[in-house]
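What TrEMBL annotates here:
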DOMAIN    68-256  domain 'ABC transmembrane type-1'
TRANSMEM  20-38  transmembrane segment
TRANSMEM  72-96  transmembrane segment
TRANSMEM  108-128  transmembrane segment
TRANSMEM  134-153  transmembrane segment
TRANSMEM  184-205  transmembrane segment
TRANSMEM  238-258  transmembrane segment
Amino acid sequence: MDKRKLKKKTLSVISKLYVILIFLFFYAPVVVMVVFSFNDSRANVVWQGFTTKWYTKLFQDTELWMVFGKTLFIAVVTTLLGVVVGTMGAVGFMNAKFKGKKLITNSIYFPIVIPEIVLAIATLLVFTQGGIDLSMGTIIIGNTTLVLPYVYITIKARLVGMDPSIEEASLDLGANRFYTFMHVTLPAIVPGVMSGAFMAFSLALDDLIITSFLANAETATLPMKVYSMIKKGVSPEINALTTIIFGVSMVAMLAYLIKELVNMITIRRKKARSI
């Protein structure tokens, strides 16, 4: 019995250490990045005091913020296209019955399976053979191709867990399919849509490979700009910029989680009152 307890305790300690090591592996670089964004020295090796001058310098860099604005626009448009097409595809394929459905459904996963550079070259060939000039539009189309499978998968997973009798009841009561989708299906899959949107936005915002292949000389995105800056060495301005992006992402995620928690508490209270 003592050996079993000792073995159980040892396994518990090992599992906890394993989890701690994983967290350190993922978040230690982020902590270092945030800390050195306030370092008074340009060298990311020795701490020489606290300062916010790199943030001041960053906000004064108008060229960088213009690039960030373009990148944000591309990410937002890509997310909207990915969510709309992904939602329509997931809902449509869920109810549709036709020959070749399985083949088409499986082909949606190709952008996830194949290397991104292959997808970038293939998309570039389509545009060049079609006589389409590279621009911001080609970047948006390429990024939409990249994010679409992720949106589709998250929404499809939500649809699989939804009770189909809810839609059937709406149709039996005389509602058409569009009304049923807008007032029954869509509210039920909103968490999946939001998850897909967050994933699509993050993928489009920091994509470098596809964007590099599909951008022209006049269209530079933030990842391309940062990559060119890193070639000269990781400067505190880059640390400051990535810290701001990380902070905004964390705030957005926390706001969404808090909203979901509040909704869950509200639903539980309503159920408790009805009982």
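The backbone N, Cα and C atoms fix where each Cβ goes, and this holds for glycine too.
TrEMBL labels come from automatic prediction, so no person has curated them.
Here the listed stretches are 134-153, 184-205, 238-258, and the one with the most C-beta pairs under 8 angstroms to the transmembrane segment (20-38) is 238-258. Note: the stretches the transmembrane segment (72-96) and the transmembrane segment (238-258) are not in contact (fewer than 3 CB pairs below 8 A, sequence gap of 6 or more). Highlighted: of the candidate stretches 108-128, 134-153, 238-258, 134-153 has the greatest count of Cβ pairs under 8 Å to the transmembrane segment (184-205). Only residues 6 or more beyond the boundaries of the transmembrane segment (108-128), in the same chain, are considered here, and those with a CB under 8 A from a CB of the stretch are 89, 134, 138, 141-142, 145-146, 148-150, 152-153, 209-210, 212-214.
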